[in-house]
Each structure stands twice: as structure tokens, then as C-alpha cells.
Amino acid sequence: MFSTSRSVAFRSSKPLILFTICMAMFSDGFTYGIVTPVVPFLLQDENLLINNNIQLTTSLLIAAFSMADFFGAPLCAWYVDRTASRRLPWYLGIVLITAGSILFGTSTNIAMLMCSRILHGLSPSILYTVGLAVLVDTIDKDEVGRWMGTAMSCNNIGIIISPLLGGIVYDKAGKNAVFGIMLGLGAIDIVLRVTMKEQPRSTITFTKSPISTATLNEKQKSGPNVDIVSLSSTPNSESIPTLKPARIGRFPGIIALLRQPRLLAAMYGVFINETIIASLCATLPLFVHNQFHWTALPAGLLFLCIAIPAFGGPIAGALSDRFGARWIAVTGFVATAPLLVLLRLVEHDTIQHKVVLCVLLTLAGSTVTLFLAPLGAECSFVAEEASKTVGRDLYASSFSLMNCALAFAGLLGPMAAAGLMNAVGWSWMTVVLGCFCATGIVPCALVTGNQRAVKQSGAESISTVEV
């Protein structure tokens, strides 16, 4: 009896749940990135080209992943926000990523490879949406930024380091070794998800607010107040809200969320972040190969300059929890934009220019975390407000929209960066990337939530949180 209770306590413990979510986010990014350097060589080695065009075939495979991710996320959110348990969609996401890996490992034609990428694209649309929704349900409101930064940094780290490992493993051991790594990660995800016991979902029956949308938007711009109920250590039955799924409204929650300027600004911010990362992943290897004559190994190691600072995501999230998302995120945009422009200074095959490149990439990797984590948490806060307005839980819908922004950036970023590299070269491509980053400053400064100040008095009170 005692051991059983200890087992249940461990399975439903916050550390295990958070580790499971972060591992799922890492696996998602890793599975996406590990295939990227492998695909061109795989297509040639196994003669899977469409019209003998390697660029066309590679682009179609990248597009298949991103489009499946883009369209799958809203469908997942539509289901998740209307159910009391998120277990089924999470299991479905794991099944999809495992099936995609099996198809990749056994592919003998382009159709199988395309189906593999579609399944891999559908999986993050589920795991990202469900995982972040479970994360918000698990942690305290004043820790959202910190843990959102941790989870999203895990995804970025997976995306950044996996091409290096994928290229080396494929070169040394072939497709089956890459397939084995993908299956191994899938197995770890399955074990963790089966072990994890999701805490009771905190889906409170929301009372639809009579406030008009225009009034709500106006309040959000000036820093609205979000009421959070703080319960004493010995609550009575009358003080606890009834937990049950909210009634399905007439219009999808996604439409209600898209009318919130704060969410649109947050989505644009994470879109900028993903575009920067995806663009650098697409152009850096070729640039250093042509400029410094580097092979795949040193080119891959260069990405550690971006990946290692991503571990600072929890710090950026904690800062946004303490000081508010607005100015932390604005600082990130202001600091990152000139660093990207300064990358144009790298022009010659000298030690000095190689050092400058590494330093600038490390600094840029540090500053992008300043707006990724706070804006990810902002999606949670907007969902909290919108849920009260429409009368149902919209967390999964909010995160699905963020995932759509990430998926679109993953598709657009490499294509745009490659086009700019061919048209105007590295120097002007970095200028465009820096200017694009700077466009996030104004919307973030105008509508992103400000400081979250929590005040409590007595054993049972109402906490006012300014966001």
C-alpha cells in the first residue's frame, strides 16, 4: 500500500511531468533536425529524386513536414480544449512520430519518404500543443515564464544540435543508424509518457464575461488585471471551484484568440525567433564551407555557439516572471537585430574573422532567448484572459496558434534565406535578417503584457496579476 502510494506520487510529481514535457519538446526538435542534413545524400544514394532534381525533392520534403505541422495544430487544439483528459492526443503524437521514424528507416521510394515527413510533421503539432497545455496546468502561475523558457529552449536545442549529429552518423554508419537514434528517442518518450500520471486538469467552468471585445482589448493594452484564486491550506468544499470541461461554444476558440492583439504580437515574436534559427541553419553550413573551406564537422560544431546559450531560456523566463514580458522581450529584439547585421563583417578566411563569427553567433544565441521565453509565456496569459471571455479553456488553442507560427517560420525561413543568399549574398542577407528582427520591437512594446505583480493577504485571498 505504501509503495503503491509512493509510486503514484512519483508518477504525478511535478519534476517527472516537467521532465517528460521537456524531453518530448527536445525529441520533436531533434527528429526534425536530424533528417535535414541526411535527406540530400539519402535521395542521391537511394535514387529517390523527383525528375532528377535534388533541390525540388528536398524542398518538397521540408514543405511536407511544415505544412502537416501547420494544419495539424489547430485540429489538435479543437479536440484538446473540449476534453477533460489530454492523454489520448499525447499517445497519438508519440505513435505518429514512431510510425514516421519506421517509415523513414524502411523507405524504398519517394512516397514512403513523403509519408514519413508528414507523420513527423503531425506529431509536433500534437506534442507541442498538448505538452505546453499540460505544463501550464502543472506549474504555478508565477513560474510560467521560467518553465516555458525551459521547454521551448529544449526544442531549440534539439533543432540546432541534431543536424551535426545526423550528418556525422549518416556519413559514418548510414541511414539505419539515424533510424536507430530516432527510434531510441521515441522509445524514451513512450516510457516517460506511460510512467507519467497527468495531474487533474484545472479546467474551471469559466463564466462568460459581459465585457465587450473592444473593452477587453483596451484593457489589455493598459495592463489588465487577471484574478487568480489563492486557496488556503485547509480549504472547505464551498471555496473550491467545480472542475469540469466547459461547454462548447458556437465559434472556435481560435477565432476568439486571433482577435487579441497581445497574442498576435506574441505569435509574431516567436515567428521571428524561429525564422532566425531556421535561416541560420539553412545558410551557415554553405557559407562557412565556401568562405573557410570547412567540412561538415566544424560547420556542425559552429551551431554549438547558438545551442549552448539556449540553456539560458529558463533565466529569461524567470526574468519575465519577475519584471514582466514586455521589456524583457523588447530588450531581446533590440539586442539581437544589430548582432545579426554585424555578421556581415565576416568576409575573409582569417582567424580573426572566424573568432568574430563565433562570438557574434554566441551573443545572438543568448539574446534571442530574451524574447522567445517571455512571448511563449504570454500565449498562456492571453489564453487565461480569453478563456474567461468566451467561457471555456483555450490554452491548447493558444499554443496551437503559436505552433502554427513556428511551423510557418520553419517553412519560410530556409526558403527566404536561401533565396537571399543566391540573390544578394551573405552580407545583405544578414542585414535583411537583422531588419526583420527589429520589426518585432514595436508590436511587442505596444501590446505585450507588463509586469506580473502578485499580492496576497490572509490564508484565502484574491491575487491581482497585471499582465
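Glycine is treated like the rest: Cβ placed from N, Cα and C.
Unlike curated records, TrEMBL annotations are generated automatically.
The domain 'Major facilitator superfamily (MFS) profile' feature in TrEMBL is assigned to 17-452.
Here TrEMBL flags 16-39 (among others) as transmembrane segment. Beyond its flanks by at least six residues, the transmembrane segment (16-39) meets 10, 58, 61-62, 65, 93, 97, 100-101, 104, 117, 120, 123-124, 127-128, 131-132, 134-135, 138-139, 147, 150-152, 154-163, 165-167, 170, 175, 178, 181-182, 185-186, 188-189, 192-193, 195-196, 198-199, 281, 285, 296, 410 of its own chain at Cβ-Cβ distances under 8 Å.
Under the heading transmembrane segment, TrEMBL lists 59-80 (among others).
Beyond the transmembrane segment (92-112), the same-chain residues lying 6 or more positions past its ends with a Cβ under 8 Å from any Cβ of the stretch are 24, 27-28, 31, 35, 46, 48-50, 57, 118-120, 122-124, 126-127, 130, 175-176, 178-180, 182-183, 186, 189-190, 193. Marked as transmembrane segment by TrEMBL: 92-112 (among others).
Long-range contacts of the transmembrane segment (118-136) within its own chain (CB-CB distance under 8 A, at least 6 residues past either end) are made by residues 17-18, 21, 24-25, 28, 31-32, 35, 64-73, 75-77, 80, 86, 89-90, 92-94, 96-97, 99-101, 103-104, 144, 147-148, 151, 155, 198, 376, 380, 383, 395-396, 399-400, 402-403, 406-407. Residues annotated as transmembrane segment in TrEMBL: 118-136 (among others).
Within the chain carrying the transmembrane segment (148-170), a Cβ under 8 angstroms from the stretch's Cβ atoms is held by residues 18, 21-23, 25-38, 41-42, 128, 131-132, 135, 177-178, 181, 277, 281, 285, 296-297, 300-301, 303-304, 306-307, 310-318, 320, 369, 372-374, 376-377, 380, all 6 or more beyond its ends. Annotated transmembrane segment per TrEMBL: 148-170 (among others), in sequence order.
If you look up TrEMBL, you'll see 176-194 (among others) marked as transmembrane segment.
The transmembrane segment annotation in TrEMBL covers 263-288 (among others). Here the transmembrane segment (263-288) has Cβ contacts under 8 Å with residues 33, 36-37, 156, 159-160, 163, 257, 294, 296, 298-300, 302-303, 306, 329, 333, 336, 340, 357, 361, 364, 368, 371-372, 375-376, 378-379, 382, 386, 398, 401-402, 404-406, 408-410, 412-414, 416-418, 421, 426, 429, 433, 436-437, 439-440, 443-444, 446-448 of the same chain, all six or more residues outside its ends.
Marked as transmembrane segment by TrEMBL: 294-315 (among others).
Per TrEMBL, transmembrane segment is recorded for 327-345 (among others).
Counting only same-chain residues 6+ beyond the ends of the transmembrane segment (351-373), those with a CB under 8 A from a CB of the stretch are 145-146, 148-149, 152-153, 156, 269-270, 272-273, 276-277, 280, 288, 292, 302, 305-310, 312-317, 319-320, 328-333, 335-336, 339-340, 342-343, 345, 440, 444. Annotation source TrEMBL lists transmembrane segment at 351-373 (among others).
Per TrEMBL, transmembrane segment is recorded for 394-420 (among others).
Per TrEMBL, the feature transmembrane segment maps to 426-447 (among others).
If one looks beyond the transmembrane segment (394-420) by at least 6 residues along the same chain, the residues whose Cβ comes under 8 Å of a Cβ in the stretch are 32, 59, 62-63, 65-67, 69-70, 73-74, 76-78, 80-81, 86, 121, 124-125, 128-130, 132-133, 136-137, 252-254, 256-258, 263, 266-268, 270-283, 376, 379-380, 382-384, 386-387, 428-429, 432-433.
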